[in-house]
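Visitor: The following feature annotations were taken from TrEMBL:
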TRANSMEM  12-31  transmembrane segment
TRANSMEM  51-70  transmembrane segment
TRANSMEM  97-119  transmembrane segment
TRANSMEM  131-154  transmembrane segment
TRANSMEM  161-182  transmembrane segment
TRANSMEM  216-235  transmembrane segment
TRANSMEM  242-259  transmembrane segment
Amino acid sequence: MRALRIELRRSVAPWAGLLVLLLPLPLLLLLSGPWSHDPADWGSSTTTAVLWLRWFLVFCWPVALGAGAVQGMRDRRSGMTELLGSTPRPVGQRTGALAAALAVCLVVGFGALAVVGVVNVLLGGGYTSAAFLPALVVGALAVVAGGVLGLAVGRVAPHPLVAPAAAVLSLVLLTLAGTGLAEARVPSFTTRLAYLTAVIGDPRGTMVTTTWSFDLVQAAWFAGLAATGVLLLAARSPRAKLIAAAPALLAAAVAAPLLPARPADAFTTDTAAAELVCDGPVCVSRMHADRLPVLAEAGREALRLLSRLPDAPTRVVEDTTPQWSDQVPERSADVVRINYQMDSGLLEADVTRTRDELLAGAGVPRCHAANEGGTDEPIISALTVAHLTGADRPPADYPGHFAGMESVVESAWHRFRSHPEDVREQRVVATRKALLACEGTALDVLLPEGAR
């Protein structure tokens, strides 16, 4: 314990922990990024906050590696290698205290960062649960593995350029891995290799967490990497250094085939947050249970207006699935879904706006992924909402509206309105069927003569 206290005072370990804490904070608190927007605002839940902290390991892990390398070359750079080697105290004990000091400081820094995230969620009224703990533990283990590996690198190759080179190269590697995960669409072995780094990609929703199998495999890999770092620190002969690589090689050989081949397999729905709370035929997630009174009233009104259509829906349920940008929303004839993750503005919507959201597309979502936007969806939403509610014109804030669409929607409404009531009803019914089957272009069914 005395040796640990000495290392905490004389090593760079406290500074490494401080950097892990302070480096992401300005980005999280002062700048706008994917962590501050839908579908995964970092203040929405404790699990989402921790997943974003894992995302920031792309910057923190190189810091841990570089700091470890700086500290690892201390004995050689100070010219004390021979002196310390002649003492009766084993090298493993001397380096063990140093590794422990660095590990403690890195864990404290990353843990303090997690505390900031949890406090931010609490202050913002977000959802809290213990589901973030596995992701947090694996993240802390990853940071420790980086620091201990850096110590070993600095001890084995005590050159002044090694520490900055290791930090820069790891930053480049993690950035490339993160970019690869963001662009991954189909299963591939490169995705498995990317998960051998400290990155996990963007969280895709406020009710998303990592799978237990993913956490377990990554934990085993980082534990093997840390074990190799510790053994390299204690190794004195070339043979011992070769043997020290065994834990990392074994862990990589076991982990690589077991890691997810696509990002969608690394994440799953947070069952605690996504548990449904119902009021009759209307259900909302536990995370958004405070919206149930508004959604229940809006949902019953929407179901009443849709009941005149063939195979009318009978339930309203919140969509709690991960929100992948290339994923087409789930659809069902008997269920109308509302998605608070993709549009957090609905969390402040009144009954009328919520009802209109449910009526858009005659109760059926779009037939394209979120990254394949277009002008058809707002027109379909505006026309179907206005028709089903019997309004003289589409509402000003119809679902999916954006600047510049007003004249197009107005023209489309006049064309649609020029037809008799029974024709408009038939077209809405046909549009609902087209959206349920995702066949053809729904706007051509609703307005064959064109929107303009």
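Glycine residues also receive a Cβ, built from the backbone N, Cα and C atoms like all the rest.
A TrEMBL annotation is a machine prediction, not a hand-curated record.
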Visitor: Do the transmembrane segment (216-235) and the transmembrane segment (131-154) share at least 3 Cβ pairs closer than 8 Å, excluding pairs fewer than 6 residues apart in sequence?
Guide: yes
Visitor: With Cβ distances under 8 Å as the criterion, find the stretch in 12-31, 51-70, 131-154, 161-182, 242-259 that has the most pairs with the transmembrane segment (97-119).
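Guide: The stretch with the most contacts is 12-31.
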Visitor: Check the transmembrane segment (161-182) against the transmembrane segment (12-31) for contact, please; criterion is three or more CB pairs under 8 Å, pairs 6 or more apart in sequence.
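Guide: By the criterion, they do not touch.
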Visitor: Quick one: find which recorded stretch in 51-70, 131-154, 242-259 has the most Cβ pairs under 8 Å with the transmembrane segment (12-31).
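Guide: Stretch with maximum Cβ contacts: 51-70.
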Visitor: Hey, which bits of the same chain come close to the transmembrane segment (51-70), Cβ under 8 Å, at least six residues off its ends?
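Guide: The answer is 12-13, 15-16, 19-20, 23-24, 27-28, 35, 40, 42, 102, 106, 110, 113-114, 117, 132, 135-136, 138-139, 142-144, 146-154, 162-164, 166-168, 170-171, 174-175, 178, 197-203, 208-210, 229.
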Visitor: Report, as numbers and ranges, every residue of the chain located at least six residues beyond the transmembrane segment (131-154) whose Cβ falls under 8 Å of a Cβ in that stretch; write 'none' if there are none.
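Guide: Answer is 16, 20, 46-47, 49-51, 53-54, 57, 60-62, 64-74, 95, 98-99, 102-103, 106-107, 109-111, 114, 162-163, 166, 170, 198, 209-210, 212, 215, 218-219, 222-223, 225-226, 228-230, 232-233, 244, 270, 272-273.
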